[in-house]
Amino acid sequence: MTRISCAAIAAALTALCGQMAGADTIKVGVIAPFSGPFATYGTQYRNAIEVYVAQHGNKAGEHEIEFVYKDSGGPNPDQVRSIAQELLIRDRVDYLAGFTFTPNALAVAPLIDQSETPTVIFNAATSSINKESKFFLRTSYTMWQVSEPLAQWAFDQGIKTVATTVSDYGPGIDAETAFRAAFEERGGKVVDAIRMPLSTTDFTPFLQRVRDEKPDAVFTFLPGGPPTFTYTKTYNENGLAQEGIRFLGTAETEEVNLQGLGEAAVGLTTAYHYSGAHDSETNRAFTAKLAEMFPGAVANWSSVGAYDGVDLIYHMVETSGSDGPAAIEAALGREWESPRGPLKLDPETRTVAQNVYIREVERDPASGQLVNREKGVIANVGDLGWTR
Amino acid sequence: MSTGDGMGLFLNILVDGAAYGMILFMIAVGLSVTMGLMRVVNLAHGGFALIGGTLAHWAGQDLGLAFPLALAVAMLGTLAIALPLERLVYRRIYGFGELQQVLATIGLTFLIIAAVNLWQGSALLPVPLPESFARPVDLGFRTLPLHRLVVIGSGLAVIAGLWLLLDRSRFGIRLRAAVDNRGTASALGIDTDRIYMVAFGLGALLAALGGILGAELLPIDAYYPLRYMVLFLIVVAVGGLGSIAGSFAAALGLGMIETAARYLAPDLATIAFFAIVILVLALRPQGLMGKVSA
Amino acid sequence: MKSWLTPFLVLALAGAAFLLFPYNLAFLTRILIMILLVLSLDLVLGFAGIATLGQAAMYGTGAYAAGLFAVHASGNPLAGLLVGAFAGAALALVSGLLLMRTRGLTLIMLTIAVASLCLEAANQLRGLTGGADGLRGIRMQPVLGLFPFDFAGQTGYWYALSVTVLVFAGLAVLTRSAFGLSLRGIHESPARMAAIGVSVYWRQVAAYTIGGGIAGIAGALAAQITQLVSLESYSFTISAEALIMLILGGAGRLYGAVIGTVIFMVVHHVAAANDPFNWLFVIGALVLFVVFLVPNGLVSLPLAVTRLWKGARHARA
């Protein structure tokens, strides 16, 4: 279909929407996994959104905001595209949000371009997604954004040789490329780059190989859940820590499954943009409210991705209502304080520039729980993968 | 010793391959009993492993029981769930066609997953093991966590026990008679219902044990049965239906091959694994030690 | 029932669905694509008796072939469908030469292994396929040069419906032909068919190849309508769900494939919309209900009810 007729339909829909719903209710469609093995993401998003609404009310400026939740299951672009169509046409949402997996976000790019719908990505971390439509905004992070600072920090700590072990798929390869480029630019040496099959259940062979190579550290990227659990256990049980081979990671020690990793997690070093134990007023308010509303829930990076995403949506609604292009204009360059620290929506990459923290897993003496303790910070890092 | 030198590499592959193969055997042996011996296409095998693992997590973590006690609670609990299910569901599908069995057991798997999901959520459910299991044991040329040795020991004990039970006891003879020809066996005064129930209970117990002992490599979460379903099936199919020894050989062989591929060519490990499965099954359609039957 | 009545009713329902659910066309289109895949499985499993849990191999290959064709060669939808069909059939033929020599569990495992190999190959060839990010850049021309794909998915729906109807009609003819009857014969007794001089092996290879072509068309349609192909096209989940849908509806009958798919997808859609966290309870219960109470599939439900009703009436008379 030509651009003109699309725009016409979109305009007609928007006009219709304005008449039907009245100017004061703005709908936000949240597409996320609420079923299946990745349902934790959906739960985390939803909890965070409800906490935000409880803290800030359901009105942004003069507009009331309503959230419509839709289940995407796992990575499933076919389903996500049809859900997005339904949300845009039937539910007449003015904003889309969520998106845990890269293909799911990519699948809606042609749609949001036509309907001019601002779409806030809460998680998917491949840099190039935002190039597919100027209506994508991202409040999570990109692989490059956390991997590169980690490499620089490691080099500055005196780590000169590293073996990389990443899961053999898109995000893993991104992480490997980013870490390697930054580490070697500084003068470090990557002695071995192992790509581990996604279906790996026993990581012993890879870690035994790394152990025999005796690098200063091993950098890793794994999808969350079972692989991370097994990898960190194997790392410890095969004595890599005792040999002085340091663990360098990113999302591996995220808070939801952190307690499940047990003692094996203590001492793991990661570079990431959010720790549930971040010491700030905003974070304490957020985590306290979360614990109050949802007993047993823990905040992790997907929680703040959603929390900050909603904050951004409130800002857009307040300034621009349902006018998509104006909302994007209003969002670009915005600076605000998040539970993770200061944020700025970079006008060029449309991904937030943020602090990347170097953390180490410790057992908190007060609560007895494992926490990601911040040990260092690299301030205001943008999406370093944008121009790569 | 370094992986760079040939002998060290070979020993590493041997040790890690055997340890991994034993874990594969432990998680698949229950299926070898229900699907291999009893001839039910039991896609819910992982479901029983999940029940065992979840109960062990609950008993160990939430109730704070010591590992042996948690293990006992989990196995008895699994049995207490499996036996009524045998009467309610399985007894009715023994005579069904394969596809109906596939559908019934997958429906059951969905219900088990949904129930665990509702009870414990969809995050990881770690099974607390004794501290000592994580301790590295010195093998001379390298170390191995005690946990792997425990699994190897359990695997050997299980195969010895099953051999005694199935090949050397009256129960084994009756089970074979009941599976081969139920009518005749009944006519001969064998209580086939009871034999089936005991055999099914045995399969479920082994599934639970395998789920718990294997949880270090195949961690328990609500979606465990679907995530590893193909892996269980491959071990049993490559080993050959009806042969516990076949499953044992297949598990060790596949474990060795996959471990070797991970040491030598990680990028190609998955392709190599499935290529070998295809090759073995193409050359030996009945599996390594399967009985030739129509 | 008159032979023209059922197809007429089904077509009328498809037309009514368009009018009744104008906002759900994308979902209805997904149902149609899934019906195509389940129909391909019905030919392979329901008619020819080839047990498979790897139909996604051909579906995914059709999707990637059509997607790559659109990106690198031409955005013509019909040409893309042909490419998808050819790719699916080619893979089915090559793998079928080996697979059709085996039976039962071995066959099932081999079909799973083929699909897994395809998945890993697509993951490794990420320069070509986009790997886990998905194959992007698919832009389609108007269907027949006349009907551009629109935002609401109207063209997509009619396009997918036309393809599904044509494939269904083709299968209806095929399954009534001598070839189709011989497949049924093979399903019931391979030994007897071999005894009367039918080459069981080659007929099964042929059936598997045709089924692969249809699965390839389904994949190609999905690629063209979503404008993205992901690794999930090869996933075990797709093969397994297609199998569940087929047995739910009733294997060996073309309408069974249609009914099973519609019911499964609608139940999923409704249950997942209301309580995604617990929707597996619903589908698990539905599956067990069918196995125990309607073992021939939901397609036989009206017949079973009619019989019951007639029986009751006779009893009263």
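Cβ coordinates are placed from backbone N, Cα and C, and glycine is handled just like the others.
For C:6-25, C:32-58, C:78-100, C:107-125, C:157-179, C:200-223, C:243-267, C:279-299, the entry in TrEMBL reads transmembrane segment.
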Within the same chain, where does the transmembrane segment (C:78-100) have neighbours whose Cβ lies under 8 angstroms from its own Cβ atoms, ignoring anything closer than 6 residues to its ends? I mean 6 or more beyond. 50, 52, 57-59, 61-66, 69-70, 107, 110-111, 114, 118, 140, 143-144, 163, 201, 204-205, 208-217, 219-221, 223-224
Contact call for the transmembrane segment (C:6-25) against the transmembrane segment (C:200-223), three or more Cβ pairs under 8 Å: no
With a Cβ cut-off under 8 Å, give me the same-chain residues at least six positions beyond the ends of the transmembrane segment (C:279-299) that come close to it. 244, 247-251, 253, 255-256, 259-260, 263-264, 267-268, 271-272
Mind pulling out the one from C:107-125, C:157-179, C:200-223, C:243-267 with the most Cβ pairs under 8 angstroms to the transmembrane segment (C:32-58)? C:200-223
